[in-house]
């Protein structure tokens, strides 16, 4: 059973898991590199007698190992899971760090740092993906960029430690070994905590056929079952798009309390390999964008300020001890800028923030070029360079690093996310390796002015790329991004998504406007005292709708008895509906095998319910080949009945029963398809039915499926069958406020006024089935639910309609799942009023089999 997690507990658990994974990236994969350059290298140079070439090799071998580790880490993460790969690389990191601290000579240091870099690369390719795949779109930016913030804070601490140790124990050459030993302590603690707390990615579990674990993992990190189910279905749809509708995730089967009891797992789904990425155009496009983003992360020279800050300041004219102290300012500015970037990245958008950071960094580059060219070597030039490094690092860390770190974990589709992120990190590490290797050589040979001019030129090219091709990932799910890339919709890719809060406000505003317009437009129609049409269609004052007194009571009683005899009882109705569901399932499978990708949902519902009604009343269902026979039968019936005594009464009675049943079917259809559309347009609405069992649902299950009954009630209320009741005559004088309605006044009750009264139903425009469930989990008696009318002229077929609606809704939404024909253009929820409420625009939906019930 899955325990319910309160919002406070959920937020705490997500925060702990996110910070642990972020801490892993910061404290292990990157801080070690900063420690190496800022503290270790000067002391290693003296103890091991390193030449400048040796210093370059020690730095570069770590980066080379990280480059290869990132690509292998991505592949291992796709094969064995994100969490396992992360823990494995952490253990390798610990071994590599200890090996470096115990290395007796230069050659051993090279080997251990290569090993050390390999594990660090694996960590950086896995940890952001794990964070992105376990976060909601609103949480994703903060969860992933939290890693960068902790990383930069670690760098700040490194600079402080470097300044202290460099000035106090400057003569102790072996201090770099103890620093490596100290790094192992938090690493061991993190490994233990990761094993105990950090969850496996639910998307990886779903992709590998472990739907049961995917459900449980996702449920612990989401606030409701509906949100969990909706996200799991989005993941399933994304997997189907990649695998050409190969095996999908089985629907979770819930018990009476909404807890998961059993979830059938399906075979592992396909993952994209290198050949797929190179041959499928949209995957290739995603990979190229990812590589460009990774290169952007390092190409502006952020590593120069962090790795060579001391050397740059010494080259500009400061002595070593003063340069180490000045580095504290570099670390502090980097940390504050990263903090600011974390706060604004989810508000201003990734594209805007990255472009802003690129322009600011290029301006700082240009200023350093001018300063280096004009000022002479000395203290003034050193402090001027230091002053320009601060805004350079502020723009780099606060904007460029924040956005590129986050986007490298967001843009890749599920089928290639591991290997794609690995290739991205390979590109980033390779760029960092190249820059770190070439920077000191270029400065020594060409000077700082020409070196930073190269950064300016290359950065300008990347700015143009960002403007033309970088997608916007803000407020989009990973599956929405995947779909937009797949469809090549660059206009949509460059626009931010809509947040859940904005979506709710827009929906409420649209519903309010629609309600006002419909009320003004339709009230006049509903309140008319119009006489029913006469002539050849029906008789004048016969049948249930036009009779009064004893005649009406006799006809209503007779009609109910006829319906009961024909099959309004439970067993008969179950027997009628099951064959129709089988035919519907067979039709959907046949059409899908013939290449039909989307279906007209309203037509399918009308055919299924209409066939059951015709079978109930006339002995055979509606089928295409029998439609002519049905029309002829109806015409013959009308002609034949006129020869029988009381012909008008009997003929109109049959006509009323037929029209009532089909109008009810029409209204049920519009109610269900309207709610289906709203489900597709609302990420938080969840499913129409939340009570799942393993077999076809019958009326015997009805008393136990409390939530399903609540959904039926709420559907009837929100999309009521007919907004008005049949006409009534006042049996006596009535006082209504200041008005007196004399006896015999013809009245048409407004059903919608009651069903949408906020005093009776709080938040009446919201779809809230929970309003019909009491604190003990039992179904409330809803006296105000008058969707079928009120009084003596209440719809005679209400019980039949409710049973059919329950059977159809419960079985259809258990057996199938609905997806929009075009994921980027969901159907409109705009409605029109008439005899019944119906959806304005015709549309088609993808109907995917979920459970084989029939």
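From the backbone N, Cα and C atoms, a Cβ is placed for every residue, glycine too.
Quantities reported herein were computed from a predicted structural model and do not represent experimental measurements.
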Pick from 221-245, 246-270, 446-470, 471-495: which range does TrEMBL record as transmembrane segment?
446-470
From the ranges 799-819, 820-840, grab the one TrEMBL calls transmembrane segment.
799-819
Would you mind telling me which of 8-32, 383-407 TrEMBL tags as transmembrane segment?
383-407
Interface check, the transmembrane segment (86-103) with the transmembrane segment (175-198), three or more C-beta pairs under 8 A:
yes
For the transmembrane segment (419-440) against the transmembrane segment (115-132), do we get 3 or more Cβ-Cβ pairs below 8 Å once near-sequence pairs (under 6 apart) are dropped?
yes
